[in-house]
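K.L.:
Dropping the structure in here first, questions after.
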Amino acid sequence: MTPAARVQTAIEILDDYLAGGAVEPLLTGWARRSRYAGSGDRAAVRDHVFSALRNLRSFAALGGTMSGRALMLGALRAAQQDPEALFTGARHAPPPLSGQERAGGRPPAPGAEELDLPDWLLPLMERSLGAQAASVARILKQRAPVHLRVNTLLADREAAERLLRDEGILTTPHPAADTALEVHEGARRIRGTRAYREGLVELQDGASQAAVEALPLRDGMRVLDFCAGGGGKTLAMGARARVALFAHDADAARMRDLPERARRARLEVDLLAPGRAGEHGPFDLVLCDVPCSGSGAWRRSPEGKWMLTPERLAELGDIQATILREAASLTAPDGVLAYMTCSVLDCENSAQADRFLNENSGWRRLSCRSWSLLDGTDGFFLAQFDRKTTD
Ligand SMILES: C[S@@+](CC[C@H](N)C(=O)[O-])C[C@H]1O[C@@H](n2cnc3c(N)ncnc32)[C@H](O)[C@@H]1O
């Protein structure tokens with residue numbers, strides 16, 4: 001495909017997204033229908049679409065309106081590229097610019113539009129992040145780095161780096177965690193490498209790794225990942241100590257890939273049916289990696305930024321409180337309850353931890369920590385609790 005044809009495809013996918021479609025199925029559907037598109041084309045179209053979603057408001061301002069065509073026009077103007085070079089009307093290219101398009105567009109207004117946030121969210125970000133809110137919002141407009149977690153059961157970080165380098169994947173250690181590598185070249189080929197297929201590395205952001213590193217994992221513990229999903233944290237915990245690992249999720253289908261991932265990582269994980277974790281408890285450590293706004297990871301899932309509403313955020317807050325209460329009841333008397341989010345919003349982080357302590361008087365906070373997008377990872381939060389001792 002020519003660069004112009006890639007832009008035209010992105011325009012069509014963005015129009016379908018703006019009409020209410022979900023972006024991943026739209027991209028997958030296009031790739032399936034378009035046998036002529038090679039892996040480079042698919043990657044380029046995906047990059048155009050995701051960049052437009054991260055910068056939706058500012059690109060629409062620069063392009064003159066909210067449409068696929070205006071978004072790509074805005075993207076080119078933001079990158080100071082001449083749109084006329086691609087909007088040529090040649091075969092598969094976008095039709096030439098109209099006079100109105102040529103004259104239209106304006107710089108994004110300072111504030112939420114320029115920072116590519118919904119209006120209602122900017123004050124919340126400012127309350128949560130103070131003077132860093134604008135810098136964090138600007139990082140959310142960019143593409144996320146790719147991080148790997150080295151499975152230290154199978155290789156140390158240097159050996160994993162060497163193996164990856166042999167297959168053309170260039171990495172450097174990331175300071176967030178002892179196990180973290182940042183990928184600089186070959187990110188799209190990782191799943192095909194021997195190191196990945198044989199379980200030596202997993203894709204996982206550095207902050208998630210660091211949060212697991214901060215858990216008090218010791219050999220012999222019984223550990224429950226209460227919101228296990230695909231099992232990223234389950235596997236990271238299993239690699240840190242010889243623990244009995246249990247995974248649970250309210251939606252069992254979310255754990256579909258976990259057995260295969262565990263096999264690759266040479267770990268054993270007991271999958272528990274929804275609502276049946278109590279039959280296997282209590283646990284020395286219960287981790288709740290709760291459903292949240294995902295605001296710390298909006299570079300990877302930028303649609304989330306535009307789907308979130310104040311009502312949904314309030315609903316998530318109640319879900320988080322309910323999960324914490326349930327998970328507390330599964331924690332052994334001298335056990336630890338860990339709460340994680342990939343959010344930068346205080347209402348899901350410290351305020352949620354405070355709410356738990358207010359509503360559950362027998363517990364105290366052991367630690368509380370957040371990771372910032374400014375340090376090159378996703379935004380992430382961890383609070384740990386244990387029971388107050390009565391003497
Ligand atoms: C942030 S994701 C977990 C990601 C996962 N820990 C990982 O590292 O790949 C949150 C998960 O919580 C699950 N969930 C939602 N409500 C729940 C509940 N009431 N009890 C347990 N799990 C729940 C969701 O199905 C989702 O898989």
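Note: Cβ is positioned from N, Cα and C throughout, glycine not excepted.
Just lifted these from TrEMBL, have a look:
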{"type": "ACT_SITE", "residues": "C342", "note": "active site, nucleophile"}
{"type": "BINDING", "residues": "D249, D289", "note": "S-adenosyl-L-methionine binding site"}
{"type": "DOMAIN", "residues": "136-391", "note": "domain 'SAM-dependent MTase RsmB/NOP-type'"}
{"type": "REGION", "residues": "88-114", "note": "region 'Disordered'"}
K.L.:
Can you check how the pLDDT averages out over the domain 'SAM-dependent MTase RsmB/NOP-type' (136-391)?
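P.N.:
Residues in the domain 'SAM-dependent MTase RsmB/NOP-type' (136-391) carry a mean pLDDT of 97 in this prediction.
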K.L.:
Is it possible to get the count of other C-beta atoms within 10 angstroms of the C-beta of the residue listed as 'active site, nucleophile'?
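P.N.:
Taking all protein chains shown, the residue listed as 'active site, nucleophile' has 26 Cβ neighbours within 10 Å.
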K.L.:
Please list, in sequence order, the residues in the chain of D249 (S-adenosyl-L-methionine binding site) that are at least six apart in sequence and whose C-beta is under 8 Å away from its C-beta.
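P.N.:
Same-chain residues close to D249 (S-adenosyl-L-methionine binding site) (Cβ under 8 Å, separated by 6 or more) are C227, A228, G229, M255, P274.
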K.L.:
Name the residues of the same chain, 6+ apart in sequence, whose Cβ is under 8 Å from the Cβ of D289 (S-adenosyl-L-methionine binding site)?
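P.N.:
Within the chain, D289 (S-adenosyl-L-methionine binding site) has Cβ neighbours under 8 Å at D225, C227, A228, G229, K233, M340, T341.
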